[in-house]
């Protein structure tokens, strides 16, 4: 839990946020239009916290008034099952699907999830004595202790894994014109490998594709090749220009994008995440009260806070109560859940063919690269032998000349 540096006073309108600081008992109106600029400042984490406070306050008030007045969203699903979700997608009313995904969608690719007790990535990083698991993704902790993050980066570096059925299901949603955006907590870039592009993605914890110096005065960008060389060296990578650390930064655009995306969303699909990391987890409450929410996960997640649930308020997901009307939990692996949904939609054969075709392309490319590397290594060896032969020949000729 963080302690906000700013306390939210009120939302003046959909265009401004009024805040007061803990240090200065004054109120400042912050234009939503200027959030992009604010997020590029050295204290950008403060403004992210303002936004979290705004989301939570608005969600709290919205749910409070809805419960008090007996108002809930319109029920659009025929039944709270995977079949009900499939029927809704097929109805033609669902055109702006947002996917929120976490590490669970990549486990079948061979990447450990975060929270499994003995095999999860957090468990593997305990030698670094993290104060809490989420610290590895927080910029303040990173500046003091960068080692855990770069250890994780080495494990997840692109090119070592292939996208899963779940990744290609999201790509299929895009191909069918149904995907509004995919919000990912992952830095493994498998969404991009599967065919999603930058405009399709919000990479909430950053990505290997967007690396910058942490210094506000520098902000130099680095490409993937530079990062690969540095990440797999024994040293902590530092900026070539100013010697500060570099970081996979959250781009400045997501705040303005999510303010537009979630109110327009007509189906939220959440996969492979425990919904415990903020501010990502709070996004489930940003959709309208009528928007159905489907969770595909090994266990239920994102439920309402127990304390707030006692007084019937809070923005969590409700799968089981008598008042449940829009939230569906499909308990399975992400791949199995996507295959089941694809089958109900009549897309299963298409999805399976896509996975097979794309994996063959990846395997073929990898084999070609290995062949080229082998040829290059053999060429260097032959070149080395030739040079060595010339040198020996030169020495022999020189020796003969001296004897004469």
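Cβ coordinates are placed from backbone N, Cα and C, and glycine is handled just like the others.
What TrEMBL lists as active site, proton acceptor is 205. There are 18 other CB atoms within 10 A of the CB of residue 205 (active site, proton acceptor), with all protein chains counted.
Residues or ranges marked as Zn(2+) binding site by TrEMBL: 213, 218, 239, 242. For residue 213 (Zn(2+) binding site), the count of additional Cβ atoms within 10 Å of its Cβ stands at 22 [all protein chains shown].
Remote same-chain partners of the compositional bias 'Basic and acidic residues' (357-371), defined as residues 6 or more beyond its termini with a Cβ less than 8 Å from a stretch Cβ, comprise 162-163, 168, 193-195. According to TrEMBL, the compositional bias 'Basic and acidic residues' annotation covers 357-371 (among others).
Among the features that TrEMBL reports, compositional bias 'Basic and acidic residues' is placed at 382-398 (among others).
Sequence annotations record features per position, and here TrEMBL assigns domain 'Deacetylase sirtuin-type' to 75-348.
According to TrEMBL, the region 'Disordered' annotation covers 357-404.
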For residue 239 (Zn(2+) binding site), list the number of other Cβ atoms lying within 10 Å of its Cβ atom.
18
From the binding-site residues 213, 218, 239, 242, pick the residue whose C-alpha lies nearest to the C-alpha of residue 205 (active site, proton acceptor).
213
Enter the number of other CB atoms within 10 angstroms of the CB of residue 218 (Zn(2+) binding site).
14
Give me the count of other Cβ atoms within 10 A of the Cβ belonging to residue 242 (Zn(2+) binding site).
14
Residue counts (helix, strand, coil, in that order) that DSSP gives for the compositional bias 'Basic and acidic residues' (357-371)
15 helix, 0 strand, 0 coil
